[in-house]
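S.K.: As annotated by TrEMBL, domain 'ABC transmembrane type-1' applies to A:110-326. Feature annotation from TrEMBL assigns transmembrane segment to A:6-29, A:50-70, A:114-135, A:147-166, A:204-226, A:260-281, A:305-327.
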Amino acid sequence: MNPALQAVITIAIGVGGCIGYFYLANLILDKVLCPARGPNIGRNINRANMIRPWLFLFPAIFALGLYLAYPVVETIRLSLTHRLPGGGYEWAGLSNYRQMMHEPKFWEAMRNNMLWLIVVPAAATAFGLLAAQLTDRIRWGSLAKSLIFMPMAISFVGAAVIWKLVYDARPAGSEQIGILNAVYMALGGDTPQQWLTVPFWNNFFLMIVLIWIQTGFAMVILSAALRGIPDETVEAAIVDGANPFQIFFRIKVPQIRNTIVVVWTTITILVLKIFDIVFAMTNGQWETQVLANYMYDKLFRANDWGVGSASAMVIMILVLPILVWNVRNARREMR
Amino acid sequence: MDNIAGKKSALSWAVHLSVLVLVVLWLLPTAGLFISSFRTADQIAATGWWKALFASEQNLALRTGAPDSARQAGGLYVIEGNLLEGENPDARIATWGTTPRQLDEFKAGETGTTRDGASLTLKADGSYRMESPSPFEGKRGERLFAVAKLPPKFTLANYARVLFSGNATDSMAKAFFNTLTVTIPATIIPILIAAYAAYALAWMNFPGRALLIAVVVALLVVPLQLALIPLLKLHLAIGIGKGYLGVWLAHTGFGLPMAIYLLRNYMAGLPRDIIENARVDGASEFEIFRKIILPLSFPALASFAIFQFLWTWNDLLVAKVFLIDATGKTTVMTAQIVELMGTRGGNWEILATAAFVSIAVPLIVFFAMQKYLVRGLLAGSVK
């Protein structure tokens, strides 16, 4: 069958089924289960109103439970078991975790993830803040913002291709087609570098890709926050003779501290799960392994579900503090 | 603001300059790939993409017309013609010479002497006139060597190859449709489900509402890596296996917390009067939702739709785990590009073009709907 036609049909079924559920479920509730007529009309309407929220919520609760809550429990279980060759599982205690702790690749992934965790949120937030502050003051600022924001729309894989061309290296003596090596040679470098294979530093070349993508996000949010600062505070500082740097660091930044924290944590969560960029650019070679890619290796290449699940749990544990903090914030807001 | 203190900030020029530097830095990588996708493999290998926009200098070996094409005019034997016709019609000759070692013997437009003693005038556009008092000898024309400036040259051949050739490894056409098949239901289904749930959480009273909202906030940050194996196992056990249904369900599940969170926040901010009035007028909850809430929530729905679209279109991991089986028939563009990076790592013309085919749609959506995207980001993050 023509793929386009197939796509259209499958789309119609998927979306139609969804609309059908809500429409029919309401119809049945109102017309069959608790009809708003007859002797019990009052009781029926009350009953329908009690049932309806759950009717509206059911698909969401079902999907959330099945696709996010259940996997957490199941992953904990898998991380504590061994898979037996014929099928079935045996209790393994913490041996998967112990095995993982003894693998140098795991510690390499941990170290790199920590590096990512420190560098990427800090750099993206700093660049974002800089871009937000600078573009807010000039006439073509919104155009500049659009262009800095644009990488947000590009997939990690697309970004990987884009940056591989930047980092491309040709043998010494021939013309460089990667712009980084071209600049490096023009500045007097001796031989073209294979940037992605230089241990330790190659991590930073991978991080640049994510910083490049996330700066726009930070900029958009911080720029809105900067615009929300009351003018009086800035005016007062100017009257007191503060210079632009003092105004920025002493007046503006403290007032948007909460927003900075939100941006920082949002990027932190993203960094903890970073997979595509490493997978597409180095696949964890040359000491660039990260947790998510380590996990993918274990699950789908080594087929070791126990250790794979254990490493997924490590990611979950690292996310946990942010999760708790978010929930507490949300609850405080609702009161 | 700068004028409050009575003088224009002296930093103004520095601001313009730094923004310009930032923008150029952020654009350069994408521009490089974009330009490369319009160049031939030879061009990409020969020069950096940043030189593609400017005329390039090239050394050409040329040959004049053969002696038998000479005609007599005023007692002289003359051969006329154009050396650049055919192969390089757009090139401009800068200097030329009669031996390959002396490319700058004469400037364009000057008259020189060939080894046979004839006088030759070669203009920049390649037209020449060779005169000699005695007849030209030999079978072939005079050899000439020139330095020519070639204008930038771009080609659409890469796009034709990647989109329409049907070549099994290079063609992105099938992957493009597969991505579309994944993306559209995976965007619409969570919106539908989340809109109803968000309405219930924002405007209906029932026990456990606050707890449910807290759960949604908690699930916002649960890494989807945790879900891979348990869900793949589940899909295989209940017979969905690897396929579109599985990947839609997975994207729906992973996108829901964000969708519910965004939509609930927006709906909770809608004016209470409208909803209460409608209730008093006897509208059912279903009608209120369909006729009042949904139209009013359009901006929030659009914001989330864009997020989810970008996320599912750009996704690699979920597709690899839940969709792409051993036959590779259902491969999506991101997965195919990763594959190309392995098999055609050096073929930048194919790689760049394939990447741009996959990037183009999100970029169009991005620039067309940026307003909603920004709004959604602000609603989803600023607290």
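Every residue gets a Cβ built from N, Cα and C, even glycine.
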S.K.: Determine which residues of the chain contact the transmembrane segment (A:147-166) at the Cβ level, with the cut-off under 8 Å and only residues 6 or more beyond its ends counted.
M.R.: 131, 135, 177-180, 196, 205, 208-209, 212-217, 219-220, 275-277, 280-281
S.K.: Between the transmembrane segment (A:305-327) and the stretches A:6-29, A:114-135, A:204-226, A:260-281, work out which stretch tops the count of Cβ pairs under 8 Å.
M.R.: A:260-281
S.K.: Out of A:6-29, A:114-135, A:260-281, what stretch is closest in contact terms to the transmembrane segment (A:204-226), meaning most Cβ pairs under 8 angstroms?
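M.R.: Highest pair count goes to A:114-135.
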S.K.: Which stretch, A:6-29, A:50-70, A:114-135, tops the Cβ pairs under 8 Å count with the transmembrane segment (A:260-281)?
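M.R.: Selected stretch: A:114-135, with the most Cβ pairs under 8 Å.
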